[in-house]
Amino acid sequence: MMPVDFDLYLITDCSQAKSGNLIETVEAALHGGVRAIQLREKNLSSHELYQLAREFRSLTSRFKARLFINDRIDIALAVDADGVHLGENSIPTAAARDLLGKDKLIGVSCHSLERAVTAEASGGDFITFGPVFFTPSKACYGDPVGLVRLAETVAGLTIPVFGLGGVTSGNLQQVLDSGAHGIALISAIIAAEQPQQAAEGVLSTLRRIKTTLQS
């Protein structure tokens, strides 16, 4: 089984890339130290997504970074991604595990403790939990879950939990204080004018806080 050996999980959204070039933006983030990317582009055709996934696989391999494909197990297998990330409307986690085998990672989006427990029991390797704070990109999921529910979910699982939704360097301490293994981000890096510097800044804060918590 592949380890969950990252604590910053970058999720793509091409509409937020300031340069207009998602590949350049992600490459800059990788130069900044990001080592796990979720390719999540819902508006692309299957052919377009496959071509982009191939480019991402080549790019992430250069940096020895993990690549996850949102929802599309077929494309994840076709490009030999490290795993998939499943949403609430994806196929069941157990079915995904049957298709992927034991050597790929499965991340699962969760907005409640109940779903998180089911995700772990069904073979999920890690979850994203949120939105922890308000963020426009996650407004469709309702009110933020907040830090208390994040902490309750962490306590109820044995797999890593990544706090998602409105997470910034300014509130990162609160997320990690809740017991989260790491954080999942979109706009803080993808929408930054300088994605490499943004990634470096977030990772520096993440490392400093984790070092303090572990001491």
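Using N, Cα and C of the backbone, Cβ positions are placed for all residues, glycine too.
Pulled from TrEMBL:
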{"type": "BINDING", "residues": "Q38, L39, R40, E41, K42, N70, S109, K138", "note": "4-amino-2-methyl-5-(diphosphooxymethyl)pyrimidine binding site"}
{"type": "BINDING", "residues": "D71", "note": "Mg(2+) binding site"}
{"type": "DOMAIN", "residues": "8-189", "note": "domain 'Thiamine phosphate synthase/TenI'"}
Can you give me the Cα-Cα distance between K42 (4-amino-2-methyl-5-(diphosphooxymethyl)pyrimidine binding site) and D71 (Mg(2+) binding site) in Å, rounded to a whole number? 9
By the count of other Cβ atoms within 10 Å, pick out the sparsest of the binding-site residues E41, D71. E41
Other than its own, how many Cβ atoms are within 10 Å of the Cβ belonging to N70 (4-amino-2-methyl-5-(diphosphooxymethyl)pyrimidine binding site)? 21
Across the domain 'Thiamine phosphate synthase/TenI' (8-189), what does the pLDDT come to on average, as a whole number? 96
From the Cα of D71 (Mg(2+) binding site) across to the Cα of S109 (4-amino-2-methyl-5-(diphosphooxymethyl)pyrimidine binding site), what is the distance in angstrom? 11
Quick one: pull the CA-CA distance for the residue listed as 'Mg(2+) binding site' versus R40 (4-amino-2-methyl-5-(diphosphooxymethyl)pyrimidine binding site), whole Å only. 8
Other than its own, how many Cβ atoms are within 10 Å of the Cβ belonging to Q38 (4-amino-2-methyl-5-(diphosphooxymethyl)pyrimidine binding site)? 23
By Cβ count within 10 Å, point out the most packed of the binding-site residues listed: L39, R40, K42, S109. L39
DSSP-derived class (H/G/I helix, E/B strand, else coil) of L39 (4-amino-2-methyl-5-(diphosphooxymethyl)pyrimidine binding site): strand
